[in-house]
Amino acid sequence: MGTTTTHKFDRPLRLPPLPCPFPSEVNPYVEQVDKETLEWLIDSEMLDDAETVERYRQAKYGWLSARTYPYAEHHTLRLVSDWCVWLFAFDDAFCESDRRAAEIARALPQLYAVLEDLDVGSEVDDVFAKSLLEIKGRIAAYGDDEQLDRWRNVTKDYLFAQVWEAANREDEVVPSLEDYIFMRRRTGAMLTVFALIDVASGRSLSADEWRHPGMRAITESANDVVVWDNDLISYAKESNSGNSRNNLVNVLAEHRHYSRQEAMEEIGEMRNQAIADMVAVRPSLEALGSDAVLAYVRGLEFWISGSVDYSLTSSRYTDAWRTARQPSIR
């Protein structure tokens, strides 16, 4: 359940500290892939105009993939980098916009048909579906059937979750904390990028390893950390938009009657506990003696360190702090 009431809050705001015990590295192919990914994105026609292209150029999204997959070879770094910008482009076009839930729902059939290898009886003409088809082909080429199935299943969950977000925007609903945490694990698309960790590392997880309780637990904690960090860092960008209700800061402020600053501090404590949970479960996964499992765990850790390192320097988020009286970095 949710609520439609709103509050006004005190200013200015400060981000809480975002400590990270995990290593931070940059892939040596970063500059090359950043350039290639932007060219791929322009060719895809997912961006509407030159101004948007320039905004993406300045954001340097190749640096996000280079920080979160520092171990990847050039071809797999290109794959994950292109997938990340597909997600950003889709997010900007459908999720950060004023599109209604019904509009997003009507866009799903062609995307689902691509993911499911269905013959829709006509050529794929939607630019997002065409780019999705191309990315899926590369995942199939670089990974195995099990890896492809994992990725497309969580991608379908991500796409459907956008309808839920849009419905919240449309009805001006602030979701309950329980609903928000559950759905944020899907709306944030993190499971789609986590599903490519073993493709990028070249160490394929078995089905039993993927379903191991410890793997599920550490994946859920890592997911929470990254999306909650994003809710904090992106708050200036989102606070004046229609999507501001789909942010943990406003969810806590609404349902626990916190100030926005108190909500940010609470999120800082929540994400620190989730990191502690990851550290606690790691020894049991190391005991499995699987190189693939350890590579996956390291991949999760790089996602936490890399996403923070990227986001605190990216124009996608920092520009909003400069143009609005919103959070500053402590």
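Heads up, the Cβ atoms here are built off N, Cα and C, so glycines get one too.
Residues 91-96 are the range that Swiss-Prot records as motif 'DDXXXE motif', among 13-18, 91-96, 187-192, 319-324. Between the CA atoms of Asp91 (Mg(2+) 1 binding site) and Arg184 (substrate binding site) there is a gap of 14 Å, rounded to the nearest whole number. Under a cutoff of 8 A between CB atoms, and with a sequence separation of 6+ in the same chain, the neighbours of Arg184 (substrate binding site) are Asp224, Val227, Trp228, Asp231, Leu248. In sequence order, Asn223, Val226, Val227, Asn230 constitute the residues six or more apart from Gly188 (site 'Plays a critical role for abstraction of the pyrophosphate group') in its chain with CB-CB distances below 8 Å. Checked against Glu165 (site 'Plays a critical role for substrate recognition') by C-alpha proximity, the recorded positions Phe88, Asp92, Ser234 yield Asp92 as the nearest. Its Cβ taken as reference, Asn230 (Mg(2+) 3 binding site) is surrounded by 20 other Cβ atoms within 10 Å in the chains shown.
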